[in-house]
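S.K.: Annotation source TrEMBL lists disulfide bond at 24-35, 33-50, 184-214, 238-268. Residues or ranges marked as signal peptide in TrEMBL: 1-19.
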Ligand SMILES: *[C@@H]1O[C@H](CO)[C@@H](O)[C@H](O)[C@H]1NC(C)=O
Ligand SMILES: *[C@@H]1O[C@H](CO)[C@@H](O)[C@H](O)[C@H]1NC(C)=O
Ligand SMILES: *[C@@H]1O[C@H](CO)[C@@H](O)[C@H](O)[C@H]1NC(C)=O
């Protein structure tokens, strides 16, 4: 009875300490902890609050983390027990300059953790990563996402980073990359990788894709996403996939400025497993030639088709999506005329919502099949 009023008296104090802008904040469930060290003279020790969180996000305001290098040479075995006890499963590190040896030290330490998902954003990695000694392995990641990460070692970075990850990575996404011309000879096979997302690399193009898709390194690939990746024709992408020997089930080419076909381009044999092709938001005025003969999903929404495609122009498709093309929807064409090149906006109509709702259901069902 006495305790409750005492606690209430403390409340103004709590509010006061929150107002003094702690760089780190953890939610009531101790689930998610977010640190923003952008301010002047950040108190790094505030990050200890995140020790028991499952999701941790740290932004460094572009700072160089060199000052932590001294501790980086310590043997991570010393604190293995503490790291093993962490609940941490998802970690995002953003807006810092990291010397490669420090990144290595972090990965070594996380090797004792249960970290599943690592995201690096707006990072500059300086120097080179040493190869691991035989017994050392990094975290057992299932997903690795990189956005705007630059590496001093150019195209060798993926092979260097891969050495520090336990095998088993399922999802790899690399956006705004500085180099996707990987050193394929040094790369090991990503034997469990089912999703490769190279979206938001507008300078990639089909030639860059050939360099990025190292032959036979992605044997389990099912989903390949190339949104806004400078792709020019579906056939060119097909050729790059054939050269790499990848056999995805779904290919997302939306938000590329696609043309129907390069003149005189040779025919390409699509992967036999390909069942879903997304060509939406691609500025298409006609259905591209040389598409796969049979698909379960073909998304041609938000293009510039002025008349209904004829059956002989289309593959055999169970789920054809054509909404928001000018022939169906004069409003859409008005919007598209305002955007040159790739159609940027494609507002939702009742039709879109209806169809995408059905699709979401279908996709949900597919996940459990
Ligand atoms: C981090 O803090 C700075 C000010 O110190 C603020 O401008 C910025 O928006 C914050 N970033 C995030 C992601 O909250
Ligand atoms: C990319 O990251 C660098 C820091 O490494 C940053 O200065 C730059 O603003 C970022 N670019 C974008 C487009 O966010
Ligand atoms: C195709 O891509 C667009 C844009 O990226 C997305 O909104 C749409 O849901 C995708 N379609 C399918 C069938 O997944």
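Positions of Cβ are set from backbone N, Cα and C atoms, glycine also.
Where the annotation comes from TrEMBL, it is an automatic prediction and has not been curated.
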S.K.: Can you give me the Cα-Cα distance between residue 268 (disulfide bond) and residue 214 (disulfide bond) in Å, rounded to a whole number?
M.R.: 19
S.K.: What does the structure give for the C-alpha distance between residue 214 (disulfide bond) and residue 50 (disulfide bond)? Integer Å is fine.
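M.R.: It is 38 Å, counting Cα to Cα.
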S.K.: Hey, what's the Cβ neighbour count for residue 184 (disulfide bond) at 10 Å?
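M.R.: Its Cβ shell of radius 10 Å holds 17 other Cβ atoms.
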S.K.: Taking only the disulfide-bonded residues 24, 33, 35, 238, which one has a CA atom nearest to the CA atom of residue 184 (disulfide bond)?
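M.R.: Going through 24, 33, 35, 238 one by one, the closest to residue 184 (disulfide bond) is 238.
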S.K.: State which of the following disulfide-bonded residues has the fewest other Cβ atoms within 10 Å around its Cβ: 24, 33, 214, 238, 268.
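M.R.: Among the disulfide-bonded residues 24, 33, 214, 238, 268, the sparsest Cβ neighbourhood within 10 Å belongs to 268.
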S.K.: In sequence order, what residues of the same chain, 6+ apart, have a Cβ less than 8 Å from the Cβ of residue 50 (disulfide bond)?
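M.R.: Listed in sequence order, they are 24, 26, 33, 35, 56, 58.
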S.K.: Using a 10 Å radius around its CB, how many other CB atoms surround residue 35 (disulfide bond)?
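M.R.: The Cβ of residue 35 (disulfide bond) has 22 Cβ neighbours within 10 Å.
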S.K.: Determine, from DSSP, whether residue 35 (disulfide bond) sits in helix, strand or coil.
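M.R.: Note: residue 35 (disulfide bond) is in a strand by DSSP.
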